[in-house]
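The following features are taken from Swiss-Prot:
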BINDING   A3, L4, H5, F6, G7, A8, G9, N10, I11, G12, R13, G14  NAD(+) binding site
MOD_RES   K269  N6-acetyllysine
Amino acid sequence: MKALHFGAGNIGRGFIGKLLADAGIQLTFADVNQVVLDALNARHSYQVHVVGETEQVDTVSGVNAVSSIGDDVVDLIAQVDLVTTAVGPVVLERIAPAIAKGLVKRKEQGNESPLNIIACENMVRGTTQLKGHVMNALPEDAKAWVEEHVGFVDSAVDRIVPPSASATNDPLEVTVETFSEWIVDKTQFKGALPNIPGMELTDNLMAFVERKLFTLNTGHAITAYLGKLAGHQTIRDAILDEKIRAVVKGAMEESGAVLIKRYGFDADKHAAYIQKILGRFENPYLKDDVERVGRQPLRKLSAGDRLIKPLLGTLEYGLPHKNLIEGIAAAMHFRSEDDPQAQELAALIADKGPQAALAQISGLDANSEVVSEAVTAYKAMQ
């Protein structure tokens, strides 16, 4: 089996690329970073530090790389069985024209073996969005052929891969946590379902997308925002602060009650999942900075994201949300010199006041009880 993976950054090398290569798949990375491309093509291998209770070093081998903006990547799309991405939500639109060109070439070459494309991004139904961009870039006469022969498979991914400086200045070395989860929608594949260890197949992807968003992402963000307010440097420092831990755990339990109601998750299993996530935040090997995790507060306070979406669920089912409100209030206090969204948030609050600002960012009704609760909590933190 041959695969092409867009994005040779830390997540590409440390998570998806590693799973594909470990499964014995012939893997080529596509990227724009020439230093990384040259290193991959010179060595065809790299090291991954897997850290949890213990630390181990795995070697990923048999890989090579091409530029994501040249002809090589178009040629590969015409030949491979699987295309994956870990480029970040914004970049999906930029790689779509190259994918479209490759699909046209595949059609011209008469290659009708199934191709599946999986975007592995921190977003909901990212592959469906990528498909829209690809379809827009395709000529009309290729669209029906692509619909017939190419699967666009949505997925949910979860592995913490913080940026970390290599002790040896190796551009390929990467550190990842032990935990990883890659769940894909098995109803969207063309041809036989792949057997890749570490890839889980489901016919109810949205349940798992929301489980991750409402637990890992919600908890991570609230830990960061409360941690920053309390003067902590890392996620580990913050979650070991008992006051912060109580709010974070409480918020994940509140969002969890929504998931249990909505999708029928088992309550005991979900409680264990929350404990596992708290353990991940405590990982001493992951020097995850609260400022990095908290960045882009406007996006994180938007209606479909990790703070407001679970809050809306608690309103839908009439469930408690005190700790989620604390997290939202802390997010409104997030300030960072290096983050344009943090500066925009501060300016908006200074200009309109917290009530109107939160309503504008989140889509919540300015006169609602929850906005009033959040503003009260926000003022109590000043």
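For all residues, glycine too, the Cβ spot is worked out from N, Cα and C.
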Show which residues of the chain containing I11 (NAD(+) binding site), separated from it by at least 6 in sequence, have their CB under 8 Å from its CB.
A86, C120, R159, V161
Tell me the Cα distance separating the residue listed as 'N6-acetyllysine' from R13 (NAD(+) binding site), rounded to the nearest angstrom.
31
Around the Cβ of R13 (NAD(+) binding site), how many other Cβ atoms lie within 10 Å? Please give the count over every shown protein chain.
28
Sorry to bug you, but what's the C-alpha spacing from K269 (N6-acetyllysine) to G7 (NAD(+) binding site), rounded to the closest Å?
34
Length of the line joining the Cα atoms of G9 (NAD(+) binding site) and the residue listed as 'N6-acetyllysine', in Å:
33
Under 8 Å Cβ-Cβ from the residue listed as 'N6-acetyllysine', six or more apart in the same chain: what's there?
none
Which listed residue (G7, G9) has most other Cβ within 10 Å, given these are binding-site residues:
G7
Using all protein chains in view, find how many other C-beta atoms are within 10 Å of the C-beta of H5 (NAD(+) binding site).
28
Have a look around A3 (NAD(+) binding site) and count the other CB atoms within 10 A of its CB, chains all included.
24
When DSSP is mapped onto helix/strand/coil, what comes out for R13 (NAD(+) binding site)?
helix
Check A3 (NAD(+) binding site) against DSSP and tell me helix, strand or coil, would you?
strand
